[in-house]
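The feature coiled coil is assigned by Swiss-Prot to 201-284, with sequence analysis given as support. According to Swiss-Prot, the feature SUMO2 cross-link maps to Lys118, Lys124, Lys163, Lys167, Lys172, Lys328. According to Swiss-Prot, the feature SUMO1 cross-link maps to Lys163, an assignment based on similarity to another entry. Annotation comment: Swiss-Prot describes Ser21, Ser38, Ser48, Ser169, Ser205, Ser368, Ser389 (among others) as phosphoserine. As annotated by Swiss-Prot, phosphothreonine applies to Thr40, Thr198, Thr304. The feature phosphotyrosine is assigned by Swiss-Prot to Tyr158, Tyr310. Taken from Swiss-Prot, the feature region 'Nuclear export signal' covers 54-64, and the record attributes it to experimental evidence. Annotated region 'Leucine-zipper 1' per Swiss-Prot: 55-77, in sequence order. Annotation source Swiss-Prot lists region 'Nuclear localization signal' at 138-154, 235-251, citing a curator's inference. The region 'Leucine-zipper 2' annotation in Swiss-Prot covers 168-188. The feature region 'Leucine-zipper 3' is assigned by Swiss-Prot to 259-299.
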Amino acid sequence: MEDVTLHIVERPYSGFPDASSEGPEPTQGEARATEEPSGTGSDELIKSDQVNGVLVLSLLDKIIGAVDQIQLTQAQLEERQAEMEGAVQSIQGELSKLGKAHATTSNTVSKLLEKVRKVSVNVKTVRGSLERQAGQIKKLEVNEAELLRRRNFKVMIYQDEVKLPAKLSVSKSLKESEALPEKEGDELGEGERPEDDTAAIELSSDEAVEVEEVIEESRAERIKRSGLRRVDDFKKAFSKEKMEKTKVRTRENLEKTRLKTKENLEKTRHTLEKRMNKLGTRLVPVERREKLKTSRDKLRKSFTPDHVVYARSKTAVYKVPPFTFHVKKIREGEVEVLKATEMVEVGPEDDEVGAERGEATDLLRGSSPDVHTLLEITEESDAVLVDKSDSD
């Protein structure tokens, strides 16, 4: 507010000479009337003027005091308004930080959800492939059961008809016997190979006919043996042992695929759990969790009045300058039994698990305060509570 200047204008009185000079000239009757009053009238006028002056001065003092008070209140209001502006600015800064944190968390959550969707799609595809494999295995088992039930295999072997000549000369038969490969010679039994001594001996017509019959018989036996071998091969291919081996192989392959899928699912689950734990530690810090845990324990104790009270003694130090007070609180109760820790050998798998846990604890330690500072804070708060109770 601006300073207001007050101008006091005094009204002229009829008794003063200023009034006679400024006003109109009085008549002769009025002049006589003015000349008539004695010294008593002039004294009364002076007293009334003094009283009016004192009143005006007191009013001026009051007005000046009110103006000063208004100025003081205005200055206090300006200071409060400046403090309010600072508080509003700090609140706006914290709100902007909170918005940024929420944006980052929403981005991480959206990325996690996308990864979870991809994992679910992969799991669905793996399940579909496993179901298809199971259907194929069932079909194979059904076909195998039908084949084992039948156990009768009819194999048709088609061969070109070889027209053998009615008569063969000994020279041709000898040439053919010499031209036979060693492999075919191994297949032939005893008595099938023609004797080498016949080349040197001249044979008669009866002996030539006998040699031709022996050659024809050897060829027929060879064809029979090759057919029997093929039938044996087919039987071996569709035998019980081979079918059982194929069953065992298919089962082993199925078990391997199932184990691989289980391992992959467990790995994905572990990775998701790790990421969710990291996100949880980011959203809810360790201090907050400890506070929630202690509050839960206190609530449980409050609802269970018969809980065990352990004996303890605490020393709290608090300073009231220029004094320092050491307060020792002793609580009676049962002696707390500390659990003994056992040393356990750690293997390579435990080392991996310990490394993962160490990473998690390192992340937690980065944001958690020291234990000593927490204990000092609790002791100071307990000391303040004791002071308040003593003062009450």
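Any Cβ shown, glycine's included, is placed from N, Cα and C.
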> Roughly how many Å separate the Cα of Lys328 (SUMO2 cross-link) from that of Lys124 (SUMO2 cross-link), to the nearest whole number?
Replying inline: 65
> Mind checking which residues reach the region 'Nuclear localization signal' (235-251)? Cβ under 8 Å, same chain, six or more beyond either end.
Replying inline: 137, 140-141, 144, 147-148, 153
> From the Cα of Lys118 (SUMO2 cross-link) across to the Cα of Lys124 (SUMO2 cross-link), what is the distance in angstrom?
Replying inline: 10
> Between Lys118 (SUMO2 cross-link) and Ser48 (phosphoserine), what is the CA-CA distance rounded to a whole number of Å?
Replying inline: 103
> Among the recorded sites Lys118, Lys328, whose Cβ has the fewest other Cβ atoms within 10 Å?
Replying inline: Lys328
>> Please report the Cα separation of Thr304 (phosphothreonine) and Ser48 (phosphoserine) in Å, rounded to an integer.
In response: 87
> What does DSSP say about Lys118 (SUMO2 cross-link): helix, strand or coil?
Replying inline: helix
> Taking DSSP states H, G and I as helix and E and B as strand, how many residues of the region 'Nuclear localization signal' (235-251) are helix, strand and coil?
Replying inline: 15 helix, 0 strand, 2 coil
>> Give me the DSSP three-state residue breakdown of the region 'Leucine-zipper 3' (259-299), ordered helix, strand, coil.
In response: 39 helix, 0 strand, 2 coil
> What kind of secondary structure is Thr304 (phosphothreonine) part of, going by DSSP in three states?
Replying inline: coil
> Once near-sequence residues are set aside, which residues in the chain of Ser48 (phosphoserine), 6 or more away, have Cβ atoms under 8 Å from its Cβ?
Replying inline: none
> With every protein chain in view, how many other Cβ atoms are within 10 Å of the Cβ of Thr304 (phosphothreonine)?
Replying inline: 9
>> Please count the residues of the region 'Leucine-zipper 1' (55-77) that DSSP assigns to helix (H, G, I), strand (E, B) and coil.
In response: 23 helix, 0 strand, 0 coil
